[in-house]
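See below for the structure under consideration.
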Amino acid sequence: MEDKMSQMESSIETIINIFHQYSVRLGHYDTLIQKEFKQLVQKELPNFLKKQKKNEAAINEIMEDLDTNVDKQLSFEEFIMLVARLTVASHEEMHNTAPPGQGHRHGPGYGKGGSGSCSGQGSPDQGSHDLGSHGHGHGHSHGGHGHSHGGHGHSH
């Protein structure tokens with residue numbers, strides 16, 4: 001019997017499943033082409049990418065930036081960089097919107113969730129929310145414990 005997944009594990013699985021909901025539609029089943037990426041951004045990230053959501057040129061620019069091997073499609077590894085950047089930007093936004101007070105507090109992020117305190121101390125970075133280039137070219141292999149493509153709610 002498997003242990004119940006933690007909230008973070010469930011969230012990671014949700015990201016993978018949503019990627020696959022869009023990646024299987026057109027082209028290669030495990031990559032996002034431009035049309036699939038645009039649909040994913042518009043439907044799944046409406047609050048995080050409000051400005052870019054309705055601007056096709058901005059969506060195309062984000063995709064080009066993420067497409068590190070310049071094959072006009074996004075692998076999961078390329079796509080997850082967007083998730084990481086949005087997570088960092090939302091965390092910074094939570095610090096910027098936190099009510100003044102002692103300790104390490106969080107206000108609403110771009111998704112309007114999160115409030116309260118967390119266990120860390122210190123002041124937040126006052127960096128920008130630019131989703132531009134950060135650390136391209138760092139590939140990895142699944143090494144036998146990545147996700148499989150059989151039996152997880154998508155067919156090939």
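Start at 1 and count along the chain as shown; that gives each residue its number.
Cβ coordinates come from backbone N, Cα and C, glycine included.
Copied over from Swiss-Prot:
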- His20, Asp30, His91, His95: Zn(2+) binding site (BINDING)
- Ser23, Leu26, His28, Thr31, Glu36: Ca(2+) 1 binding site (BINDING)
- Asp67, Asn69, Asp71, Gln73, Glu78: Ca(2+) 2 binding site (BINDING)
- 108-119: compositional bias 'Gly residues' (COMPBIAS)
- 135-156: compositional bias 'Basic residues' (COMPBIAS)
- 16-51: domain 'EF-hand 1' (DOMAIN)
- 54-89: domain 'EF-hand 2' (DOMAIN)
- His106: pros-methylhistidine (MOD_RES)
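Structure coloured by features recorded in Swiss-Prot.
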residue	record	Cβ within 10 Å
His20	Zn(2+) binding site	21
Ser23	Ca(2+) 1 binding site	24
Leu26	Ca(2+) 1 binding site	15
His28	Ca(2+) 1 binding site	13
Glu36	Ca(2+) 1 binding site	20
Asp67	Ca(2+) 2 binding site	20
Asn69	Ca(2+) 2 binding site	13
Asp71	Ca(2+) 2 binding site	12
Glu78	Ca(2+) 2 binding site	21
His91	Zn(2+) binding site	17
Integer Cα-Cα distance in angstrom, His91 (Zn(2+) binding site) to Glu78 (Ca(2+) 2 binding site): 21
Helix, strand or coil at His91 (Zn(2+) binding site) [DSSP, three-state]: helix
Integer average pLDDT (0 to 100) for the domain 'EF-hand 2' (54-89): 94
Glu36, Asp67, Asn69, Asp71, Glu78 filtered to the binding-site residues whose C-alpha is within 10 Å of Asp30 (Zn(2+) binding site): none
Per-state residue totals over the domain 'EF-hand 1' (16-51) - DSSP helix, strand, coil: 21 helix, 2 strand, 13 coil
From Leu26, Asp67, Asp71: binding-site residues whose CA lies within 10 A of His20 (Zn(2+) binding site): none
Protein Cβ atoms within 10 Å of His95 (Zn(2+) binding site), excluding its own: 16
Additional residues surrounding Ca(2+) 2, by Cβ distance to the Asp67, Asn69, Asp71, Gln73, Glu78 centre under 8 Å: Thr31, Leu66, Thr68, Val70, Lys72, Leu74, Ser75
Cα separation, Asp71 (Ca(2+) 2 binding site) to Thr31 (Ca(2+) 1 binding site) (Å, whole number): 10
When distances run from the Cα of Glu36 (Ca(2+) 1 binding site) to each of the binding-site residues Asp71, Gln73, Glu78, the nearest one: Gln73
In the chain carrying Gln73 (Ca(2+) 2 binding site), residues 6 or more apart in sequence that have Cβ under 8 angstroms from it: Gly27, His28, Thr31, Leu32, Ile33, Gln34, Asp67
